[in-house]
């Protein structure tokens, strides 16, 4: 807690100083035994040790309990130590004791009260009592907070949703330590502009050689946290190609995760494999890697990966998630549920663990519980489409069609600036046939108005791959005309007419289909000056058929093999 005092000979040291020496040497089990005995002696004879010595004994005993992971007991002893320190501060001078307590420089080398409070906060976080941890750290005056205290406070505030306080604490960390990269990531994750964050490091970048890459690094992760996967990938690739940062495991891991978010699973697996070869003890990101392997049916590789990770550490969520993926894709859902729960216990912010447990619950028929887990995953990772897909599949499984439609619309509205629409739609394909109304609205109202015909074609092809529908065929025909694909446009419009006649048994004059065919035929050979203009003879007459309000047949979703539905 404080710098070690000048070393004295063993004969001239008090018993409390012997305890301090052992604590400094890391002899925690020895400290625990001796300090426990001395505290009992002090309880039986209050005059045996001075108030400062009692304070030291309580702190050293609490530290040994903390080392043994007995956090509740440690909090109790730290609290007693702070009470003793409070009583000590009220006395003008240290009272002499009868227990070899000569007034020496060592006797005044007391453990820091600030450090004691920090250790208490650590205990509370280990006990998942974040409110108590925040309360104890909030009690430390701002000017006395060290960088590690501000960092812990920032993380706790962020977890509690107190974003403004979190930003303030992260900025204070950077003010004291401008190269605290995790604090930089914390600020970027809270939507602080990359330029503002970079300005807090500009002085140190300019004063230290070979740090010119840092501004690019900040820019890259600013893109990451705004969900701009393409620009993030390009920027990190430019960093990774530089000779000084080539083969950096953290950058490779970030690239792998970005490719995964963008739906490029092939490149994601490749980058994870490169990172793993460079660092065989790598744990971060291996849960996503294991999931991707499981999706490809490489269950033996997943099993081997899980065993290797458990040999590295079983105190991280990743090994449990990887083993859970193996169980899930082996259709052992109860075991997958247990492994996912264990992973969440180790790291409540593990998105992959929440998705694993949610998928297991869904496949076991416990849909409402699954919904809770998918919602939490969305809260933690709002830019990941797979989180939304898991929730939508739960809605569909429980016949909550309206909720599924609303969520699908939110996915489109919230992610279209971030993703290629075709990629978004491919991830959401299981519910496309059920949500025909949403597709029609998207195509007619948004894509057509913005002339994003290629995106509309991709959306409609995905929908029609699962179920034929005359309305969707008709819209696809219109979009194909817009990109000069006349032959396929004719096929789609004719298919629309056939379905209209066969399945709906309504008036055969579908005015919108006929108008689309007329438009296509008029534009088929626009440069042919000698073309006959007899296409007007194709104009149909009759009542207009309003198909956009009609219901399509709901496809029965039965893909029980997928983990959380990515296709």
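We count from 1, first residue shown onward.
Even glycines carry a Cβ here, placed using N, Cα and C.
The annotation repeat 'TPR' is assigned in TrEMBL to 351-384. Taking Cβ pairs closer than 8 Å, the repeat 'TPR' (351-384) reaches residues 227, 261, 287-288, 291, 317, 320-321, 324-325, 328, 333-334, 336-337, 339-341, 343-344, 390-391, 393-395, 397-398, 414-415, 418, 560, 563-564 in its own chain, all 6 or more past its ends.
Annotated compositional bias 'Basic and acidic residues' per TrEMBL: 516-525, in sequence order.
The region 'Disordered' annotation in TrEMBL covers 516-567.
According to TrEMBL, the compositional bias 'Acidic residues' annotation covers 530-551.
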DSSP helix/strand/coil residue counts for the repeat 'TPR' (351-384): 27 helix, 0 strand, 7 coil
Averaged pLDDT score, the repeat 'TPR' (351-384): 93
